[in-house]
Each structure stands twice: as C-alpha cells, then as structure tokens.
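To start, the structure under review is shown below, and the notes come after it.
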Amino acid sequence: MSQRGNILLIVIVILVIIAGVIFLFTRNKADTTRIPLPLNQSNSEDSENQSTFSFVNPKKSAHYESNTPKHGSTLVGVPVNVVIDFNFDLAKPSSISIMKETAEYGVGETKIDVNKLAMRRDMNPNAPDGLYTVTYNACWPDGSCHDGSFQFAIDSKFSANFNDMTDQNNVTIRMSGNTFEPMNIIINKGTKVTWVNDDSVEHFVNTDSHPAHTYEPKQNSQALSYGDSYSYTFEKPGIYPYHCSAHERVMKASILVR
Ligand SMILES: [Cu+2]
C-alpha cells in the first residue's frame, strides 16, 4: 500500500474512534442526566387527591437513595411494606418504625434485601387512615448507624377516584401513548393483571421507587416491545404504586388490591 494510502487509513481509523467515543458519551449522558426532584414534589396521585395532610421535611440518612411509599404521598390504601433504598451495604441492626401518633404499624422484623441495598418492613394491613411517620436506623458493616425519617398518609376516600375492576379475575392494562390505561384501579386479591404495550417504544412495568424498583420486586417486567405483554398476580391486599422506568416522570399508576 502507498504511503498516502496508509495515511488515509490512519485518518479513517481515528475518525471512527472519535465517532465511537462521541456516541458512547452522548448515550451515557442521556441515560444518567436527570433533574433531581424535590422530595416533597407532588405526584399525579397527590394533585388528584388534594391531600389535606401537612408533611414535615424528611430527614435523609447517610447513603439514603429513595423510599416507598414516597415522602409526602397520600395513598388510597395501606402499603404492603415500607421499603428504603441505600447506596451502601446495610447491616444489622438496621430497623424501620412506622408510627401513627403513638402506635406502631410496622409488623414483624425489619428485613435487609439480599443485595443489602434496601431494607423493608411489612405494614399492618388494618392500619387506619391518617398520617404516618417512618423513622429508620440504617447500619453499616463497620457497626456505625445513621437515622432518618419521612412521612406518608393514607386516605381511603380517594379510592373513589379509582376504576373499580373487582368484578374481574383477569384485568388488562394497555400501555398506550405513554400512559397506563386504566391508570388507577381496584382489584380483588388473586387477580391476574396483564399489561400490553400498544406503543412503538419500549415500556416497562416497574414497582416504585425509581430506579430501585424494590417495593414489590416480583411485579417488575423486562423491556416490553410493541405487542408484548406481561402478567402479575397480586396476592396480598394493599396499595401498589408503579411506573415505567423509561418514562418515569409521566407513566405512573397504582393498583389497590382488596
Ligand atoms: Cu414507558
């Protein structure tokens, strides 16, 4: 090959490498650039529900990432569990307390997930409407602990805004126009819910929070392309907030299981 040919080849190789680097950089940026939301930002559920509860500011412990239920949210039913996500390995004796006034509504032990990045505690399914304060103590492998707190509310009268589908044993939710349709539904326990993607873009079914997806992990789907469907059967009564992780700002919904 001539010297000119060699130079041309080298230039082409360099251009391809530069193009590759630019592609990787912009793609990575698109994945990770998120404007952080204030913790007390209303979600669609709150604005719809016109919550009358007033919430004090949350206290975030070291290594805190997110929690479900979300701070400042008003739910139409009792959460099946309270889950708190961290970016560091949790260790014993980490603990969660779920209080309304002076009564504890957490039941059983606080459990640390296998990956050690979340801890959870079941909630008393008979918990009444009202304001709940979650306080937690997050402990680390070196024996140190940090505490934090947040609040959520339960107001069952807002379930009147939900689509009552308790007469069906199999429910279908369409993923259409970047929404879940119907968005907020009531079903009986044991009901199989099937999501179908009617859009040309990929959607997901992801339990809250984002991006931890830890509240009801078995509800999480893989990526769903056009025409794909995914099913999950809800066995335990309670409220199940979920979203699509590809469109988590707009694509949110809830299922109340009775
Ligand atoms: Cu989506």
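Every residue gets a Cβ built from N, Cα and C, even glycine.
Noted in TrEMBL for the protein shown:
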- 7-26: transmembrane segment (TRANSMEM)
- 63-154: domain 'CopC' (DOMAIN)
- 178-257: domain 'Blue (type 1) copper' (DOMAIN)
- His203, Cys244, His247, Met251: Cu cation binding site (BINDING)
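When Cβ neighbours within 10 Å are tallied across all protein chains shown, the highest count among the binding-site residues Cys244, Met251 belongs to Cys244. Counting other C-beta atoms within 10 Å of each candidate's C-beta, the binding-site residues His203, His247 are led by His203. Mapped onto DSSP classes, the domain 'Blue (type 1) copper' (178-257) shows 3 helix, 36 strand, 41 coil. Those residues of the chain, other than His203, Cys244, His247, Met251, with a C-beta within 8 angstroms of the mean position of the Cu cation site C-beta atoms are Met175, Asn178, Phe180, Phe204, His243, Ser245, Ala246, Glu248, Val250. In the domain 'CopC' (63-154), the DSSP tally of helix, strand and coil residues is 0 helix, 59 strand, 33 coil.
Averaged across the domain 'CopC' (63-154), the predicted model reaches a pLDDT of 98.
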